[in-house]
Amino acid sequence: MTTMTAERAPRIGMVSLGCPKALTDSELILTQLSAEGYETSKTFQGADLVIVNTCGFIDDAVKESLDTIGEALAENGKVIVTGCLGARTGADGGNMVRQLHPSVLAVTGPQATQQVLDAVHRNLPKPHDPFIDLVPGGMGIAGLKLTPRHYAYLKISEGCNHRCTFCIIPTLRGALVSRPIGAVLNEARALFAGGVKELLVISQDSSAYGVDMQYRTGFWDGQPLKTRLLELVQALGALAEPYGAWVRLHYVYPYPSVDALIPLMAQGRVLPYLDVPLQHSHPEVLRRMKRPASGERNLERIQRWREVCPEIVIRSSFIVGFPGETQAEFEHLLDFLRAARIDRVGCFAYSDVSGAVANDLPGMLPMPLRQERRARFMAVAEALSSAKLQRRVGATMQVLIDAAPGLGRKGGVGRSYADAPEIDGAVHLLPPEKISKTLKVGEFTQARIVGVRGHDLLAQPI
């Protein structure tokens, strides 16, 4: 651990694990600490104190979080734990983190910014009060970001009103709480003004935005605006247009209200991309999961979306081997996948999540069978994806550049509208043919698709 001197500000190390929602919590914590005069450290050894924002949803995430806490304690010694794992109980009913790592300075659950700040202040007094606008260039409202400068996550709500039997998120993060629409749009405007070229809208359930407020009318720039996803997306599209920026929607449940968003995608006002967590297709499995929609309605809805916007890309996640899943129910899922032609897929073999109702459902399947079904599912999904990628060869696409070595003369890596960062594929860019052409991170380029490389595309910048 570094010894702090009077000549420099105290330094905070931050590790953010888990989903983009947790990442935005980490950004909020760091924004406030930076406003108070704390500096950040990229290493445990260079920090005076380390904050670990944990994930506690599935067993692998719990292990990663606990291992990271142990590593931070070993290399630094002063550790504050926050996030979903901080709200989990151990075998004896006590706090899991406290049981396994009793030397941590403090433990909080998710969305506990003030508690984390209080713990930091107790253990590493703040150098000054936050009387300044934090980031130049219009970014003060948006705060610090842990993503690359050209894209950012915009969290529109917290918590979830669903009680899916495989999930403990409502226990960890509570019921749905939507952000005021004016606050969301102010942050979006600041992000665009600060150079963000892609805004990724996230929450636990984006389709339900405003339900807890009964869609009441808010105000933004002196104009009335209903707190509802349609109005929010319309306003985000209008904000993005002058900057030529993208708006990408995540965690959108297939409610009837989502149908109104598809014409906006067809008109080019937001990206024709939807992240829709379907989880399964068979009505009986969805009933056991307590999911809010049926597989038949989902298939019909996706088909209607494609009629309105043929270019739409659908990403989804699925669970196979759920308790009681029969062979016929699994085959139903494979048939659904083929019929729906899902573009991007994530699939998990069901695993116990401590505290989830599904753990006590009858018909728990052997893990080898769950893994076998996942492998079969992914084989079908990858064949569908490969065929769709092959059809893009010869097309010209807009690509947002994420990496450009050699001053932009050696090619690079970017993404098309069909690719969300970290979870989807990429577009590998060849070196520009024109001497005058260079690639720059955070800027767009037109590229001609010349080949397919696994889940990715190969393209020649134009």
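The count begins at 1 with the first shown residue.
Cβ atoms here come from the backbone N, Cα and C positions, even for glycine.
Quick look at what Swiss-Prot lists:
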type	residues	note
DOMAIN	10-125	domain 'MTTase N-terminal'
BINDING	CYS19, CYS55, CYS84	[4Fe-4S] cluster 1 binding site
DOMAIN	146-388	domain 'Radical SAM core'
BINDING	CYS160, CYS164, CYS167	[4Fe-4S] cluster 2 binding site
DOMAIN	390-462	domain 'TRAM'
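Swiss-Prot feature annotations superimposed on the structure.
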residue	record	DSSP class
CYS19	[4Fe-4S] cluster 1 binding site	coil
CYS55	[4Fe-4S] cluster 1 binding site	coil
CYS84	[4Fe-4S] cluster 1 binding site	helix
CYS160	[4Fe-4S] cluster 2 binding site	coil
CYS167	[4Fe-4S] cluster 2 binding site	coil
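Taking the centre of the Cβ atoms of CYS160, CYS164, CYS167 as the [4Fe-4S] cluster 2 site, the nearby residues of that chain (Cβ within 8 Å, site residues left out) are HIS162, ARG163, PHE166, ILE168, ILE169, PRO170, GLN204.
Looking at CYS84 ([4Fe-4S] cluster 1 binding site) and CYS164 ([4Fe-4S] cluster 2 binding site), their Cα atoms lie 17 Å from each other. The Cβ of CYS164 ([4Fe-4S] cluster 2 binding site) has 20 other Cβ atoms within 10 Å, all protein chains considered.
Ranking the binding-site residues CYS19, CYS55, CYS84, CYS160, CYS167 by the number of CB atoms within 10 A of their own CB puts CYS84 at the top. Between the alpha carbons (Cα) of CYS160 ([4Fe-4S] cluster 2 binding site) and CYS55 ([4Fe-4S] cluster 1 binding site) lies a span of roughly 16 Å. What surrounds the [4Fe-4S] cluster 1 site, by Cβ distance within 8 Å of the Cβ centroid and not counting CYS19, CYS55, CYS84, is the set LEU17, GLY18, LYS21, ALA22, THR54, GLY56, PHE57, ALA61, GLY83, LEU85, PRO110 from the same chain.
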